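Novice: Dumping what Swiss-Prot says about this protein:
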- 1-17: signal peptide (SIGNAL)
- N93: N-linked glycosylation site (CARBOHYD)
- N385: N-linked glycosylation site (CARBOHYD)
- N501: N-linked glycosylation site (CARBOHYD)
- N512: N-linked glycosylation site (CARBOHYD)
- N541: N-linked glycosylation site (CARBOHYD)
- 560-578: transmembrane segment (TRANSMEM)
Amino acid sequence: MSHIMNLLVISFVLAGSSWSLLGYQDDFSSKRSGALASNPTYNLPQDKGYGRDMYQPYYICEPDNDGSALTLPSWHYSCKESCMGNHLKRVVNITGARWNYVGISIPVFKIVTNEVCYTSHENVWGYCSQYQISRPVATQKSDVSCITSSMWDNDKSPIGSLYNIVNSNEAECDYFSDITDCNRDYQIFKREGKLIKRSDDSPLELSIVTDGIRTDPASEYLSLDDVSWFWKLPNNDMSPPCGWEKTQKLSCSYTDTTDVIKCNSIGYTYNIQGISKKSTCAGNIYDTDGPFPFFYDAEEALMSTDDACGKAKQGKPDADIAFIEGVNRAFEDLELTYCSATCDLFARQGTPNEDHVLDTPIGTWRYVMRDNLDPALVPCLPTSNWTISDPTTICHGKDHILVVDTATGHSGSWDTKKDYIITGEVCNTNNDEMGDDYDGMRDKILRGETIEIKFWTGDIIRMAPPYDNPEWIKGSVLFRQNPGWFSSVELNKDMIHTRDNITDLLTVMVQNATAEVMYKRLDPKTMKHILFAEIVDGVGNVSGKISGFLTGLFGGFTKAVIIVASLAICYIVLSVLWKVRLVASIFNSAKKKRVRISDILDEEPHRIQQSRPTLSRKKKTRESIQMLLNDI
């Protein structure tokens, strides 16, 4: 019976397939094809940019303690008040401001220092071998002397130049002791630095966008982990050009009982308690250090729902007025209930270590636990402009890599375990995490260990020596995508990082670090190779000494003496080999004629008598062998 059922099922499947091939479709075929064509998430296997397989920061957020954060009770109150339709609301018109990467260009030198030690060992043959140990060491301020005057000249040394200064050499050889000689070798990379100034009262800064560095230019020196940067300030005027420019105009809303200004068109909300006006080269700009600085234009009253309802009732009969009022109250109650309930939900679900930004009724925010252990929320701006720098590098702290703003050219640091970056955070700003990452990666490369980088999607990229074939490990986390982000940003496929793109970028990053660490490392040799080299080179060394001795003894007849001696040695060796071969052949013939005792006892008496001459011949054979051995 079961076989019959299986045949029926197979027949049904085949029949359905044939109907599809013949063009027969059900009533929902067109709807299925339409959904597949319009929904980009169905294209994940081929186009991984839409959805859970994007590897880049989704948001840029304010720092935890810069005044932009709202305490959880304040945020909850502002969220609930924004839901009320009877409060006074105003429209705030602003113009966005963008601070571009513009400044005075100066040359900057990044120096990577390696201590290279050679140890010599001379064996009994007189053969000298060299063993090398190379390790990264901190670059000192005195190492600036390795930068020559021609390197500072941009005409002779363009930006992007690489110099290898090698001071290490093989150690001298000594027959009675091993000698170790250590020296410092330098790799010097020429970068472009720019002197920039954000506002009139802000200090002058030096930005090295290639390395994600922003620092005080007056020191002319910066050390981070075991790498250092050197530069010289120009003697002339250091007033940088203006980097501010105006962008799009926005209309934002403000409720008089709240702490927030909400700009729905960009998905960002300002905390009015934390924004301030600063004078710049382009005029007065608000929130100059925030994700979206702006020029204030004007504001006007926003018509309330009650005013809109009153306007709609003008000239209407009583029946229509009652209907309008009823519909208005229903929508107000529905919106208030939904909005307030969502505010309550977000206020109760926060955790201090939240690594993901949340979409709320009043914009996108992230949870933080401030120094006073008071939970708060920080505003965040959805963005698709921040992408991984090419080439990239490891910044401070574990899983921090260099990113760049494609709109302005500024660089920053991204903790890949989070779906956001923080304004103003670059590769040398987080002192708590310094020394745990790039230095650790270099040490891991020296030890031949595996390097792992974890992303906020839960996925991990694992790179094992020789670091040219990364492996992806699929993660399992609750938040792997944020659908609301796609509706808040302008996005195209050229702006996204897929898994293949990340693989290429990080592989190049690790290989560049490997080249810095192991640029002069000797190839390892097995014991077999070492012994072979010592024997061959040792014999050659002994031969050379013998040749020198004979040259001193016989003068111009040295070659003739060496030829005669070589012929004599060859004659002796061939004579010995011939006699050994003769002995071996005698042994083999004797072995073939050997008679076993058990065979002799089983033979008839006449066979025993016939075998006696054979035994006597064996005796003579042994005597002959002994004579040959004596001759040898």
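Every residue gets a Cβ built from N, Cα and C, even glycine.
Model, not experiment: these values are computed from the prediction.
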Novice: How big is the gap, in Å, between the Cα of N385 (N-linked glycosylation site) and that of N93 (N-linked glycosylation site), rounded to a whole number?
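Specialist: Cα-Cα distance, N385 (N-linked glycosylation site) to N93 (N-linked glycosylation site): 24 Å.
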Novice: Within a 10 Å radius of its Cβ, which of these glycosylation sites (N501, N512) has the fewest neighbouring Cβ atoms?
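Specialist: Per-residue Cβ counts within 10 Å for the glycosylation sites N501, N512 bottom out at N512.
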Novice: Please report the Cα separation of N501 (N-linked glycosylation site) and N93 (N-linked glycosylation site) in Å, rounded to an integer.
Specialist: 40
Novice: Rounded to an integer, what is the Cα-Cα distance in Å between N512 (N-linked glycosylation site) and N93 (N-linked glycosylation site)?
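Specialist: Here the two Cα atoms lie 48 Å apart.
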Novice: Non-local Cβ contacts of N93 (N-linked glycosylation site) (under 8 Å, 6 or more apart, same chain)?
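Specialist: Same-chain residues close to N93 (N-linked glycosylation site) (Cβ under 8 Å, separated by 6 or more) are K249, L250, S251, C252, D297, A298, E299, E300.
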Novice: Count the Cβ atoms, other than its own, that fall within 10 Å of the Cβ of N385 (N-linked glycosylation site), considering every protein chain shown.
Specialist: 16
Novice: Which of the three DSSP states, helix, strand or coil, fits N501 (N-linked glycosylation site)?
Specialist: helix
